[in-house]
Amino acid sequence: MSDSFDVIVVGSGPGGYVCAIRAAQLGLKVACVEKRGTLGGTCLNIGCIPSKALLQSSEEFEKAKHALKDHGVLIDGLELDLARMQARKSEVVAANTKGVEFLFRKNKVAWLKGTGRITAPGTVDVDGKAYAAKSIVIATGSESVPLPGVVVDEKQIVTSTGALELDKVPGHLVVIGGGVIGLELGSVWRRLGADVTVVEFLDRIVPGMDNEIAGAFQRILQKQGLRFRLGMKVTSASVAENGVRLVVEPAAGGAEETISADIVLVSIGRRPYTSGLGLEDVGVALDDRGRVKVDAHYETNVPGIYAIGDVIAGPMLAHKGEDEGVAVAEILAGQTGHVNYNAIPGVVYTWPEVASVGQTEEELKAGGIAYTVGKFPFSANGRARAMGDIDGFVKILADKTTDRLLGAHVIGPDAGTLIAELTTAIEFGASAEDVARICHAHPTLSEAVKEAALAVEGRALHI
Ligand SMILES: Cc1cc2nc3c(=O)[nH]c(=O)nc-3n(C[C@H](O)[C@H](O)[C@H](O)COP(=O)(O)OP(=O)(O)OC[C@H]3O[C@@H](n4cnc5c(N)ncnc54)[C@H](O)[C@@H]3O)c2cc1C
């Protein structure tokens, strides 16, 4: 293999592998360094894909157990085969990671297997062998944030990685952190039979999500059986053979108490991962949160070294990293790559799903922007009724003067798919009226989007 490339990407997550493929499409000679045994990064191996596989399987189980009766479908002798469910998840992961290998071969991207270290601008060492590149792209991703006093063993005290691998349904699962990953994995194990308690430091779940949506989300999850201990902090955890003893106390101060758990999931966030990459030696600057600092073209303070994905600022989302990967590849090929950070959707894959794009009501208020709200509940949508999925609503925020869409938030069935239309609308600078005038097929869940857009002007038809 040649030792010299136009671009070397370090890390093969959704940021890195997409960047490598796009750069190769544009005629550049590309290599991607990956130390894991398989390609695809956190997302394909221990993140988005395995979690969605288990969310899907556990949702099927829950439907078979509870919801199908209502449809007149009766199942006798329903059982959970957790080993099969986990094996299926691994098959899904393998199909996806092998898919990236295939795409690398198809696009002639060289996979440099091993740990990459940037030894100088234009030089990457991979397990002792030096490679030259005109440009280097750092795409080394993120890792779970540890919690002081709580030592992860990935058996009884786990991160999301261990929570995806449990071979037994825990009697009591305590999730530390009421963010997206904790709520998704908490939902998986609750559906499979665990009692789940979520301990959250703040007095609300999913910080950053529109308040009204977050409140509705919490109520729905509670109805499903999740317990919430908000405004509480975990100060220590001790492991014994029969479980974990957590010490918690009110975040605002007060008497401590103990909670017993079979398994504890620590999911208080993720932090950028740059360990062993040699950034201090080449002088690449980090910000106060350990993220690689980049300019508007994703270039670091060291010319020729770029960074994308979870390792830089912005939402830690696979599709955000992918879009940055495309943008930087196009910039390196002399084009004008660009990412519109106002139009990056975020989805929580519980059921119902929660999806958002653009600004929240709180952000608009803080920015002093006058806005109008249009809302429409799924309980008034024919398709949602036919499905038996009437929890939730669509909420659209539009500029009070221009009617331009500023934000959209959906809690309800298939919200993650419904948000695509509203993301497109925001990307194209559409108004709420534009969305309201589009013909939406009947009966579909997307009619709730149209109705919410109509509601911005106070003229929803079906409520
Ligand atoms: C449980 C879970 C569920 C998630 N679900 C979703 C979801 O549904 N949707 C979503 O958008 N996001 C989700 N995420 C977040 C998503 O996984 C990340 O945003 C995404 O993977 C970031 O991509 P990345 O390319 O920046 O880095 P990563 O995917 O983290 O990949 C970085 C890669 O770099 C490699 N690497 C690091 N250092 C070196 C080195 N020195 N040499 C060689 N290789 C190196 C690592 O081994 C890794 O494979 C989830 C995350 C978790 C943990």
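Just so it is clear, glycine is given a Cβ too, placed from its N, Cα and C backbone atoms.
The model shown is predicted, which means the values in this text are computed figures rather than measured ones.
According to TrEMBL:
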- 5-325: domain 'FAD/NAD(P)-binding' (DOMAIN)
- C43-C48: disulfide bond (DISULFID)
- G177, G178, G179, V180, I181, G182, L183, E184, E200, G269: NAD(+) binding site (BINDING)
- 344-453: domain 'Pyridine nucleotide-disulphide oxidoreductase dimerisation' (DOMAIN)
- H442: active site, proton acceptor (ACT_SITE)
Query - NAD(+) binding residues G177, G178, G179, V180, I181, G182, L183, E184, E200, G269: largest Cα-Cα distance, in Å and rounded to whole number - result: 15
Query raised in the report: Among C43, C48, G179, E200, H442, the recorded positions in the record, which have a C-beta under 6 A from ligand 1?
Result: C43, C48
Requested in this report: Take the domain 'Pyridine nucleotide-disulphide oxidoreductase dimerisation' (344-453) and count its residues per DSSP category (helix H/G/I, strand E/B, coil), listing them in that order.
Outcome: 41 helix, 33 strand, 36 coil
Query - Chain-mates of G177, G178, G179, V180, I181, G182, L183, E184, E200, G269 with C-beta within 8 Å of site centroid, NAD(+) - result: V175, G186, V198, I205, V206, S267, I268
Query raised in the report: Reported as an integer number of Å, what is the Cα distance between L183 (NAD(+) binding site) and C48 (disulfide bond)?
Result: 13
Query raised in the report: Can you count the other CB atoms that lie within 10 A of the CB of I181 (NAD(+) binding site)?
Result: 22
**Report entry** Cα-Cα distance linking the residue listed as 'active site, proton acceptor' and I181 (NAD(+) binding site), given in Å to the nearest integer
**Finding:** 34
Query raised in the report: Between G179 (NAD(+) binding site) and C43 (disulfide bond), what is the CA-CA distance rounded to a whole number of Å?
Result: 17
**Report entry** Cβ neighbour count (within 10 Å, all chains shown) around L183 (NAD(+) binding site)
**Finding:** 26
Query raised in the report: According to DSSP, which of helix, strand or coil covers C43 (disulfide bond)?
Result: helix
